[in-house]
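The feature Zn(2+) 1 binding site is assigned by Swiss-Prot to His69, His109, Glu145, with sequence analysis given as support. Residues or ranges marked as Zn(2+) 2 binding site in Swiss-Prot (evidence: sequence analysis): Glu145, Asp179, His216, Glu261. Sequence annotations record features per position, and here Swiss-Prot assigns Zn(2+) 3 binding site to His182, Asp229, His231.
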Amino acid sequence: MRYIGAHVSASGGVQNAPLNAAKIGANAFALFVKNQRQWSAKPLESAAISEFEQNCKAANISPRHILPHDSYLINLGHYDDAKREQSFNAFVDEIERVSELGLELLNFHPGSHLNEISQNECLNLIAECMNEALKRTDGVKLVIENTAGQGSNLGFRFEQLAYLIERTDDKSRVGVCIDTCHAFAAGYDLRTPEAYKKTMDEFDAVIGYEFLSAMHLNDCKFGLNSRKDRHESLGKGFLGLKAFECIMNDEHIGEIPMILETIDDSIWADEIKILRNLQKGKK
C-alpha cells in the first residue's frame, strides 16, 4: 500500500487539515502545526486536538502517515548563539505540538551556515541541537529533509544527511525525507530506471533505506544540478513521470507518507490518481 497525500492547509485550526486531505482522496498528508512564518503561537487547544484526532480517524488516516513540517524560520545551524537558541526553542515547541497531536514525525530542513562558518561546523551545531531536542522530548522522530543546495543551505548531499544521523545519539528517532525536486536540483538523477537505481543505490550505501521515513513527490522547474528549489506539477517539469513510476514501484520503500508539494493544489486529487496509476498492480 502506498500512502499518498499533499501538504494541506491547516487554516482555521489544525483540525481542518485532515478534512482537506480527505477532499483530495489522500491517505496521508503534511501540515504546519503552527504558523510557519512566526516564532511563537498560542498553545494548541484541547478541543482542536480532540477534533484533529477524530477527523483523522474519520478520514482513515493513521498518525504514522502524517508528516508535520516545522517553521521556515528555524535554523539549527545558525552561527549566532542567541539566534540558534531561538531556533532551538522553536524546534522543541514544534516537537511538543506534534506529540500533543498524537503524531510520530517532524520533518525539518537541517540548517544554513550563512557563509559565516564551515559546513562541518554548521553540521555539528545542527547535530547538537537535534540531540538536545531528543533529550527534552519523547517519541517523535526527527525527519531530516534533503535540500536543493540553494544558498548556504546544507543537506543537499547524502553524505551530509548521513553525518547528522551518525551523530544522533538515538538512531530510533531520526530519519530522512527525500524531496525529489531537491534531489534532482542537487545533482541526483531520477529520470530513468537506470538513473533512479544508481541514485537510490547510493542513498542506500550512504544512508540506508531503513532511515527513509517520508518522501516529498515534486517535479522540478529547472534541470539537473540547477541548485534551484522550484517545484513543478508532476510530469510538467524536468523530472518527468518516469521518475515517479520508479518510486511507486520501488519495493525497498516502506509504508511511508508520500507528500505532494506541487504548485497547483487544484489538481492534487488528479496527481494522487496519477501516482496510484503508475503503481503496477495498484496495491
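Every residue gets a Cβ built from N, Cα and C, even glycine.
Cα of Asp229 (Zn(2+) 3 binding site) to Cα of Glu145 (Zn(2+) 1 binding site): a span of 13 Å. Note: the CA-CA distance between His182 (Zn(2+) 3 binding site) and His69 (Zn(2+) 1 binding site) rounds to 16 Å. Considering other CB atoms within 10 Å as the measure, the emptiest surroundings among the binding-site residues His69, His182 are those of His69. In this structure, the binding-site residues under consideration are Glu145, Asp179, Asp229, Glu261, and the one with the smallest number of other Cβ atoms within 10 Å of its Cβ is Glu261. Cα of Asp179 (Zn(2+) 2 binding site) to Cα of Glu145 (Zn(2+) 1 binding site): a span of 7 Å.
DSSP assigns His231 (Zn(2+) 3 binding site) to a strand segment in the three-state reduction. Counting every protein chain shown, the Cβ of His231 (Zn(2+) 3 binding site) has 23 other Cβ atoms within 10 Å. On the backbone, the CA of His231 (Zn(2+) 3 binding site) and the CA of Glu261 (Zn(2+) 2 binding site) stand 7 Å apart.
For the recorded Zn(2+) 1 site, residues His69, His109, Glu145 set the reference point as the centre of their Cβ atoms, and the other residues of that chain within 8 Å of it by Cβ are Asp70, Asn107, Phe108, Val143, Ile144, Cys177, Asp179. Using His216 (Zn(2+) 2 binding site) as the reference Cα, a 10 A cut-off selects Glu145 from the binding-site residues His69, His109, Glu145. In three-state terms derived from DSSP, His182 (Zn(2+) 3 binding site) belongs to a helical segment. Glu261 (Zn(2+) 2 binding site) sits 12 Å from His69 (Zn(2+) 1 binding site), counting Cα to Cα. Within 8 Å of the centroid of the Cβ atoms of Glu145, Asp179, His216, Glu261, where the record puts Zn(2+) 2, the same chain has further Cβ atoms from Asn107, Asn146, Cys177, Ile178, Thr180, Cys181, His182, Met215, Asn218, Ile259. Cβ neighbours within 10 Å of His216 (Zn(2+) 2 binding site), excluding its own Cβ and spanning all shown chains: 26.
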